[in-house]
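Listed in Swiss-Prot for this protein:
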TRANSMEM  20-40  transmembrane segment
TRANSMEM  58-78  transmembrane segment
TRANSMEM  96-116  transmembrane segment
TRANSMEM  137-157  transmembrane segment
TRANSMEM  168-188  transmembrane segment
TRANSMEM  190-210  transmembrane segment
TRANSMEM  226-246  transmembrane segment
TRANSMEM  249-269  transmembrane segment
Amino acid sequence: MSNLTFFFDQLLSYSYLQQALTAAILVGIICGVIGCFIILRGMALMGDAISHAVLPGVVIAYMIGASFFIGAVITGVITALAIGYVSQNSRVKEDSAIGILFTAAFALGIVLITGMRGTGVDLWHILFGNVLAVSRTDLWVTLGIGLFVLLIIILFYRPLLLSTFDPVMAQATGIPVQMIHYLLMLLLSLVTVAALQTVGIVLVVAMLITPGATAYLLTNRLPVMLCLAAMFGVISAIAGIYFSVIYDVASGASIVLVASTLFALAFFFSPKQGVLTRYWRGKRAKEMSATS
């Protein structure tokens, strides 16, 4: 039996694997789409900060029996506001404020997790993910978050577009640029929550940035970039789950490695931006000029 046949046999036989694959695909789509705006706005570090800063909110939500995604959203928004406040009211620049606050929040989350070791509750899967343990409830939550995020992006596409490429012009036309920024932070927090079970907090930034960065190397048009990023997210999810099942390795890490491989291929072989493509094009141009 070939590996591919074995994978499909397992997929058709076990519902948990079907749920895992569906959840991973959903996460790949929404991470790819929201990641495009993060990349174009130069907010990769902010994306890293928010994805790590939600950890204490998730742990506290577990501790008090509340919904973990509410805790994550609250913590993510508070962190975004705190970063803006510190950078605007001190000599500390935004990148420094991000580094200070997100590491502090992440450290608090680690302390809270280790403090719960004697309670019988294991929250370490939040850090590294375990997509094969996704329940039907988790799947519905992920689907709900995904639909909400995509709906908001569709409804606010024009303000997001203008504030991303020309915030001064957007402000002049009456678009509340600051509110759009915090809306994006809210969506980022939601996407992080959706990705917790799949790749975990440690690796979620890779899924936020890598598919979008890969698409960015292949096109200059935002609609095409959004579609390509979503497609790369889906490919990474499917291939990552496949390698996880076949070779019995961590699913989250497998998904991220596939996404990184796709980026490497685009980096070297992209028709316009690829390093090797530009080298070959330049070499061919020199040969043609030498023979003419």
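Placement of Cβ uses the backbone N, Cα and C atoms for every residue, glycine included.
Note that this is a predicted model, so its numbers are computed, not measured.
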For the transmembrane segment (249-269), sequence-distant contacts whose Cβ falls under 8 Å of one of its Cβ atoms, 6 or more beyond its ends: 20, 24, 28, 128-132, 198-200, 203, 206-207, 210-211, 213-214, 217-218, 232-233, 235-237, 239-241, 243, 275-277
Same-chain residue ranges lying at least 6 outside the transmembrane segment (20-40) that approach it to Cβ under 8 Å: 11, 46-47, 131-134, 138-139, 142-143, 145-146, 149-150, 153, 160, 164-165, 184, 187-188, 191, 194-195, 197-199, 204, 207-213, 215-216, 222, 225-226, 229-238, 240-241, 251, 255
